[in-house]
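The domain 'Glycosyltransferase 2-like' feature in TrEMBL is assigned to 25-183. Residues annotated as transmembrane segment in TrEMBL: 246-270, 282-308, 329-352, 364-390.
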Amino acid sequence: MSTLQPSPPSLDRLDDSDEPELIVSVVIPCLNEEANIERCVTTALAVLSEHGIPGEVVVADNASEDRSAALAAAAGARVIHEPRRGYGSAYLAGFAAARGRYIVMGDADLTYDFREIPRFVAHLDEGAELVMGDRMDQIHPGAMPWLHRYVGNPVLTGILNVFFRTGVSDAHCGMRALRRDVLPRLDLRTTGMEFASEMVIRASKEKLKISEFPIEYHPRGGESKLSSFRDGWRHLRFLLVHSPTYLFMLPGAIMLLLGALISAVALLQINVFGREWDLHTMVAGSLLMIVGVQIVALGLCAHAYGTYFMNEKDPWFDRMRARFRLEHGLILGGLTTFVGFVVAAAIVIVWIQRGFGQLSEERLAVLAAALVITGLQIFFTSFLLSILGLRRRLPGEH
Ligand SMILES: Nc1nc2c(ncn2[C@@H]2O[C@H](COP(=O)(O)OP(=O)(O)O)[C@@H](O)[C@H]2O)c(=O)[nH]1
Ligand SMILES: [Mg+2]
């Protein structure tokens, strides 16, 4: 680990006073933690002074109904009051009040060892912009319930890494550190426990330098504020709504392909599993195809929303819109609809030729309907995408 060197004056100082620059703000969110908060604050302050790190401890109190706030202040913390509930709300208030160049985060429940602060600081000194603790190999007995240890944490961290490729081992670790000057880029907004995921995802989208190292996780003093299913769902919901590719595009594309395949099997009466497939299969295949196109369309609109309205970097969508224009979508949609009408016309011609008698072209009729519907979906979605992007053309685009 690097030694802690005196730092050059930072540009992000909040005031012009001649006070020495604070290097570290330890920010601790606190909701009814009177059993633990005092020790958290005193340990953090002691570690800072032992290592000669100019710093402060900010306790973001979430309207605790016990003596937490008073105990924290008496122990030497600067206490910030945030009436709005939620782990994220507490941190956002604490961050706004922090003055240090670095922010070290940790729960007020004695699960994390604040004596690790200098290691986090050392990683930041070495150039990391976000430093994550990784608890997974050093969880003390009774520190993490079985459900979180073997289901919640690995599953949610796994999904997060598939969706956003962050490479972080323990996305919910509450002890972490970051440079305060990256906060505007992170633009964090969530109010609940999903704040932990938001920070990692935003950091990876902004391509921050993320480092991690193993830390210990101790059993909690006092009562946990986490509700497994409510907070687990809040995390999952956050991951899904921030990943149109995995929420819409992938499932939609799979449905579309599967639907097309099933329709083809029914239409061409291909023998699969020793029997031929007929009208019912055709209906199922076509429905799947229509729903697939619809979901892909929603995904494209979600990508457009992220790019145009949320200013998100979305290289995939940028490539798409560099290649495809409104007119491409209109032609594709128009042609698909046209082919649908041609199939429908063919059925009518056959009917006329048969003297308006009994007709058994149901599969073709379903195909015609599916083509007309998907064609119209493509046609009008193209217009909607164009409307969403009206004010944000690529350079050179008209
Ligand atoms: N869940 C929750 N935690 C809060 C809130 N405000 C502050 N906290 C603090 O956030 C930290 C994390 O909560 P905790 O119960 O330890 O959850 P866990 O570490 O995920 O099991 C603790 O220090 C809480 O005191 C809040 O409104 N909700
Ligand atoms: Mg905790």
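All positions are counted from 1 along the displayed chain.
Note that Cβ sites are derived from N, Cα and C of the backbone, with glycine treated the same way.
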Please average pLDDT over the domain 'Glycosyltransferase 2-like' (25-183) for the predicted structure.
97
Near the transmembrane segment (246-270), which residues from the same chain, at least 6 beyond its ends, have a CB less than 8 A from one of its CBs?
162-163, 240, 276-279, 281-282, 284-300, 302-303, 363-364, 367, 370
